[in-house]
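The following features are taken from TrEMBL:
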type     : residues                       : note
BINDING  : Cys42, Cys45, Cys48, Cys220    : [4Fe-4S] cluster 1 binding site
BINDING  : Cys52, Cys201, Cys204, Cys216  : [4Fe-4S] cluster 2 binding site
BINDING  : Cys142, Cys145, Cys150, Cys184 : [4Fe-4S] cluster 3 binding site
BINDING  : Cys154, Cys174, Cys177, Cys180 : [4Fe-4S] cluster 4 binding site
DOMAIN   : 33-61                          : domain '4Fe-4S ferredoxin-type'
DOMAIN   : 133-164                        : domain '4Fe-4S ferredoxin-type'
DOMAIN   : 165-194                        : domain '4Fe-4S ferredoxin-type'
REGION   : 96-129                         : region 'Disordered'
TRANSMEM : 295-315                        : transmembrane segment
Amino acid sequence: MSRLSEFLSPESLWGRLDDVSGDAGHEDHPPRMGFFTDTSVCIGCKACEVACKEWNEVPDDGYQLTGMSYDNTQQLGASTWRHVAFVEKTLPSRAKPAPEVTDLGMPGSGPPGREVTLPHGEDQATESGDSGLRWLMSSDVCKHCTHAACLDVCPTGSLFRTEFGTVVVQEDICNGCGYCVPACPYGVIDQRKPDGRAFKCTLCYDRLKEGQTPACAQACPTESIQYGEVDELRVRAAARVEELHAKGVDVARLYGADPDDGVGGDGAFFLLLDEPEVYGLPPDPIVTTRDLGAMWRHVGAAAVALAGVGAASFLGRPFAGRWGR
Ligand code: SF4
Ligand code: SF4
Ligand code: SF4
């Protein structure tokens with residue numbers, strides 16, 4: 001059922017919402033589940049992309065290299081539900097001579113006993129020596145927003161809020177109208193060309209119902225993608241930022257973890273090592289349906305005013321007829 005046809009609590013379209021599943025009508029629901037993606041330990045192996053495609057039987061997306069980087073899937077789309085961004089940035093010249101190094105604690109990479117170290121202050125950067133580039137790698141995904149505009153505008157009920165607080169699209173109900181696509185403030189949901197039906201990450205709803213971990217998180221060898229209860233993940237993410245700051249990686253920051261932000265916080269949030277725009281993320285997203293309530297109030301007021309004018313002109317006819325001659 002469309003959210004617009006349901007009873008809306010004051011927080012349903014905008015603001016902090018601590019019980020997203022309860023607001024959607026799930027009683028006695030399990031804890032809200034989500035992703036914390038720590039990009040500081042991503043090695044760009046793309047195991048998450050492959051695992052997602054295999055488990056969810058997502059068709060190939062062309063695999064065209066852009067010619068600009070090693071990224072061959074380019075962006076999230078109807079057939080790319082996890083996308084590993086390879087961001088190449090030119091190092092400032094001051095970083096070129098033998099930089100200090102910082103251990104980011106990357107689990108499981110490198111021979112036992114040997115720390116993986118990265119340039120101090122340039123965090124995840126890989127100093128190439130001759131190219132002067134650093135790479136930032138980040139596995140992007142649907143944010144499973146607290147206030148999900150895609151869901152709010154869907155007229156068919158194809159998009160729904162699960163008992164885990166995630167947002168899922170049902171391919172057998174979607175009619176391909178495309179309303180959800182411009183509604184998403186992150187540009188995540190996308191229509192597939194042959195028939196226009198919309199697809200995106202389901203946070204492996206079928207696996208969650210069986211108590212399993214989503215395929216991408218299960219496959220990630222560095223624990224860059226962490227799955228769990230959102231409240232617990234937020235605590236873990238804040239601790240990780242503190243740890244990195246203590247190591248001098250002062251560029252580390254969280255993205256999407258704040259429940260008071262423009263979408264009420266994301267169910268899938270990130271630790272970034274640069275500004276969101278560098279990763280292709282909007283710096284300050286706001287749910288696009290925020291003003292729907294006010295708009296409907298204005299429409300209602302306009303309708304009442306029009307009805308009043310109509311009634312007045314109707315009632316005024318005999319009066320005008322008597323005195324208007
Ligand atoms: S990121 Fe976009 S597609 Fe995902 S839940 Fe939010 S609005 Fe919907
Ligand atoms: S394209 Fe499908 S999922 Fe998107 S709004 Fe239309 S019916 Fe809903
Ligand atoms: S998030 Fe994990 S699985 Fe995905 S590219 Fe990074 S390290 Fe590999």
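In case you wondered, yes, glycine gets a Cβ from its N, Cα and C as well.
As the structure is a computational prediction, the values presented were derived from the model and not from experiment.
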Cα separation, Cys150 ([4Fe-4S] cluster 3 binding site) to Cys45 ([4Fe-4S] cluster 1 binding site) (Å, whole number): 30
Rounded Cα-Cα span from Cys154 ([4Fe-4S] cluster 4 binding site) to Cys216 ([4Fe-4S] cluster 2 binding site), Å: 27
Spatial neighbour of Cys150 ([4Fe-4S] cluster 3 binding site) that is closest, considering only the binding-site residues Cys48, Cys174, Cys180, Cys204 and their CA atoms: Cys180
Inter-residue C-alpha distance, Cys48 ([4Fe-4S] cluster 1 binding site) and Cys142 ([4Fe-4S] cluster 3 binding site) (nearest angstrom): 14
Under 8 Å by Cβ from Cys204 ([4Fe-4S] cluster 2 binding site), counting only residues of that chain that are 6 or more apart: Trp55, Asn56, Gln212, Thr213, Pro214, Ala215, Cys216
Rounded to the nearest Å - Cα separation of Cys184 ([4Fe-4S] cluster 3 binding site) and Cys42 ([4Fe-4S] cluster 1 binding site): 26
Residues among the binding-site residues Cys154, Cys174, Cys177, Cys180, Cys204, Cys220 that border ligand 2 - Cβ under 6 angstroms, in sequence order: Cys154, Cys174, Cys177, Cys180
Residues among the binding-site residues Cys45, Cys142, Cys154, Cys184 that border ligand 3 - Cβ under 6 angstroms, in sequence order: Cys45
Cα within 10 Å of Cys201 ([4Fe-4S] cluster 2 binding site) - qualifying binding-site residues among Cys42, Cys142, Cys145, Cys154, Cys180, Cys220: Cys142
Contacting binding-site residues, sequence order - Cys48, Cys180, Cys216 vs ligand 1, Cβ under 6 Å: none
Tally of DSSP helical, extended and coil residues in the domain '4Fe-4S ferredoxin-type' (133-164): 5 helix, 13 strand, 14 coil
Check: same-chain CB within 8 A of [4Fe-4S] cluster 3 site center, minus Cys142, Cys145, Cys150, Cys184: Lys143, His144, Ala148, Ala149, Leu151, Val167, Cys180, Ala183, Pro185, Tyr186, Val188, Ile189, Lys200
